[in-house]
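This report refers to the structure that appears directly beneath it.
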Amino acid sequence: MSDAVTKTVAPLRRKANPINGKHTNGVTIDGIFDDHNRQIGPINSQMEDIAQKTDDGGGGEWTSKASFMTWTMHDIIYVARHHWIPCLFAAGVMFFTVVEYTFQMTPASSQPFDLGFVATRYLHSILASSPNLNTVLAALNTILVGMQTTYIGCTWAVEGRPRATIAALFMFTCRGILGYSTQLPRPQEFLGSGVDYPVGNVSFFLFYSGHVAGSMIASLDMKRMQRFRLAMVFDILNVLQSIRLLGTRGHYTIDIAVGVGAGILFDSLAGKYEEMSKRHLRNTRCSLISKDSLVT
């Protein structure tokens with residue numbers, strides 16, 4: 001490294017909102033750079049910059065203006081162009097707020113309205129008029145459940161990776177608690193089958209779909225292990241499974257939607273549990289080593 005070292009202090013940038021693509025409020029970069037412009041010194045945090053401001057002591061300009069008062073038309077255009085997904089969700093909030101306050105609630109004497117049932121009414125009529133086809137699709141669906149269960153179990157028993165198994169345990173336990181807590185009525189047009197899972201056409205919890213959540217957990221693990229083709233097959237089968245469940249009235253749309261979210265959520269929680277366990281194990285080993293060094 002060259003002996004010639006220069007210290008560069010960037011000035012305080014005053015831009016109201018970090019989402020506008022420019023510098024954030026109150027970020028001062030105080031670093032030391034060598035001749036090749038490589039940083040070799042520390043970077044001050046935003047909180048340190050706030051503490052180092054030397055105005056009138058009461059906050060001054062820092063608190064005199066709210067963030068929105070510094071927004072410009074350029075900022076609004078930038079957000080609309082580069083952050084269109086949050087803008088789309090904002091429009092969705094406004095739209096469904098209007099919908100929620102203008103629609104009448106479904107009477108207690110009526111069956112719940114389900115948009116998925118409306119979309120699959122043609123499939124429902126076909127399956128209702130063809131019990132053999134319904135039985136074949138139910139058997140294929142049960143095979144898919146067996147495939148995902150086998151895969152999730154093998155990730156732990158064969159490959160020694162417990163994350164997917166832990167996620168499935170979390171997911172089915174939570175599903176049992178929620179399903180028992182709120183026992184939704186079975187749809188009147190339900191088309192059962194003796195080979196469907198749960199086998200024997202027994203009673204089952206509707207909220208949420210364990211079929212869909214289990215397939216999501218298996219698919220996420222496949223993608224994590226870069227088994228992308230197998231994951232794509234599972235995703236396609238999961239979509240077909242969801243359509244079949246709606247067509248047979250085996251689940252409401254909300255059960256399937258939450259099943260997708262539950263698979264993602266519990267896979268993430270299982271990953272955090274693994275990280276926490278590894279961190280605890282490392283800390284335990286370090287404490288044991290330090291104890292041994294003190295004894296010796």
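Placement of Cβ uses the backbone N, Cα and C atoms for every residue, glycine included.
Annotated features in Swiss-Prot:
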type	residues	note
TRANSMEM	83-103	transmembrane segment
TRANSMEM	136-156	transmembrane segment
TRANSMEM	165-182	transmembrane segment
TRANSMEM	198-218	transmembrane segment
ACT_SITE	HIS211	active site
TRANSMEM	250-270	transmembrane segment
ACT_SITE	HIS251	active site
ACT_SITE	ASP255	active site
Original post:
When the number of other CB atoms within 10 A of each residue's CB is tallied over all shown chains, which of the active-site residues HIS211, HIS251 has the maximum?
Top reply: HIS251
Original post:
Do any residues of this chain, six or more beyond the ends of the transmembrane segment (165-182), have a C-beta under 8 angstroms from a C-beta of it, and if so which?
Top reply: 152-153, 155-156, 205-208, 210, 213-214, 217, 262-263, 266-267, 269-270, 273-274
Original post:
Taking just the CA atoms, what is the gap between ASP255 (active site) and HIS211 (active site) in Å?
Top reply: 10
Original post:
How far is it from HIS251 (active site) to HIS211 (active site), counting Cα to Cα, in Å?
Top reply: 10
Original post:
Within 10 angstroms of the C-beta of ASP255 (active site), what count of other C-beta atoms is obtained when all protein chains are considered?
Top reply: 27
